[in-house]
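Have a look at the structure below, then the notes.
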Amino acid sequence: MEDGIFFWGPVTSKEWCEPNYVQSSYIAEFFNTISNIPCILLALIGLVNALRQRFEKRFSVLHMSNIILALGSMTYHATLRQMQQQGDETPMVWEMLLYIYILYSPDWHYRSTMPTFLFLYGALFAIVHSQLRFGIGFKVHYALLCLLCAPRAYKYYIHTEDTLAKRLAKLYVATLLIGAACWLCDRLFCKQIQGWYVNPQGHAVWHVLMGFNSYFANTFLMYCRAQQREWNPKIKHLFGFFPYVKIEKPKTQ
């Protein structure tokens with residue numbers, strides 16, 4: 001950066017409570033960018049487990065969507081350009097459509113209608129979002145998609161008896177609430193935070209917590225689906241810390 005000229009050009013997207021181009025002249029918001037790395041690593045753990053144990057393809061796609069979302073977030077915060085912001089927000093919607101499919105498809109009698117509708121909806125949203133800025137409309141839309149998932153997720157929780165599996169759901173809720181608090185504080189109290197000696201990087205903390213949040217959600221859903229398929233799922237821990245689902249498929253499967 002020389003004489004106020006940024007490496008990626010002028011800022012055209014929403015900014016967060018992190019000074020631009022301080023840590024690196026090539027990355028606009030350094031901490032908000034690198035804080036997406038845990039999400040990628042956790043999604044890779046989930047993807048490897050899904051592929052190794054031959055879970056249904058929907059879970060491989062779900063883990064890959066987490067990676068795509070994290071990469072989109074990294075490019076957005078690294079550049080602070082409007083196009084990259086849309087490249088962050090569109091995968092957020094796609095990911096929620098995947099969650100809706102995974103949660104509701106087991107009880108959906110017309111098997112082809114739901115994925116077809118969700119695919120067309122996601123494609124239409126991507127086209128419209130590439131041309132228009134939604135602002136608060138995007139947040140409301142995303143929140144509604146999240147709320148659509150809540151009733152079925154709660155149903156899965158109350159029908160789960162395994163203590164370790166239920167703990168995954170509780171960790172999901174805890175990371176969501178703490179992460180949301182960090183997001184709100186970073187957004188609402190930015191002027192005060194900038195006067196502090198140390199910036200707590202609330203938005204970066206949100207990214208890290210959402211990486212774990214997605215991982216806990218995906219693992220819980222894999223457990224529930226394995227239960228539905230009678231694959232005798234059990235929660236194990238990689239390195240004694242990262243939970244994953246171990247299944248035993250009948251020989252006929």
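Using N, Cα and C of the backbone, Cβ positions are placed for all residues, glycine too.
The Ca(2+) binding site annotation in TrEMBL covers TRP16, GLU18, ASN20, GLU29. Here ASN20 (Ca(2+) binding site) comes close to PHE6, VAL11, ALA28, GLU29, LEU80: these same-chain residues lie at least six apart in sequence, with C-beta atoms under 8 angstroms from its C-beta.
Summarising the annotation, TrEMBL assigns Zn(2+) binding site to HIS77, HIS203, HIS207. All protein chains considered, the CB of HIS77 (Zn(2+) binding site) has 28 other CB atoms within 10 Å.
What TrEMBL records for 30-49 (among others) is transmembrane segment. Outside the transmembrane segment (30-49), and at least 6 residues removed from its termini, the chain residues within Cβ reach (under 8 Å) are 16, 18, 22-24, 55, 59-60, 63-64, 66-67, 69-71, 73-74, 77-78, 201, 203-205, 207-208, 210-212, 214-215, 218-219, 222, 238, 242, 244-245.
Annotated transmembrane segment per TrEMBL: 61-80 (among others), in sequence order.
The annotation transmembrane segment is assigned in TrEMBL to 117-134 (among others). Within its own chain, the transmembrane segment (117-134) has Cβ neighbours under 8 Å at 82, 86, 89-90, 93-94, 97-98, 100-101, 141, counting only residues six or more beyond its boundaries.
If you look at the transmembrane segment (169-189), the same-chain residues 6 or more away from its ends with a CB under 8 A from one of its CBs are 16-17, 153, 156-157, 160, 200-203, 205-206, 209-210, 212-213, 216-217, 220. For 169-189 (among others), the entry in TrEMBL reads transmembrane segment.
What TrEMBL records for 204-224 (among others) is transmembrane segment.
Highest local Cβ density among the binding-site residues GLU18, GLU29 belongs to GLU29, counted as other Cβ atoms within 10 Å over all protein chains shown. The Ca(2+) site is defined by TRP16, GLU18, ASN20, GLU29, and by the 8 Å test on Cβ atoms against their centroid, the other residues of the chain that qualify are GLU15, CYS17, PRO19, ALA28, PHE30, PHE31, ASN32, HIS77, LEU80, HIS203. Contacts of HIS203 (Zn(2+) binding site) defined by a Cβ separation under 8 A and a same-chain sequence distance of 6+ are given as TRP16, CYS17, GLU18, ASN32, SER35, CYS182, TRP183, ASP186, ARG187, in order along the sequence. Proximity of HIS207 (Zn(2+) binding site) to non-local residues of its own chain (separation of 6 or more, Cβ distance below 8 Å) is seen for ASN32, SER35, ASN36, PRO38, CYS39, SER73, given in sequence order.
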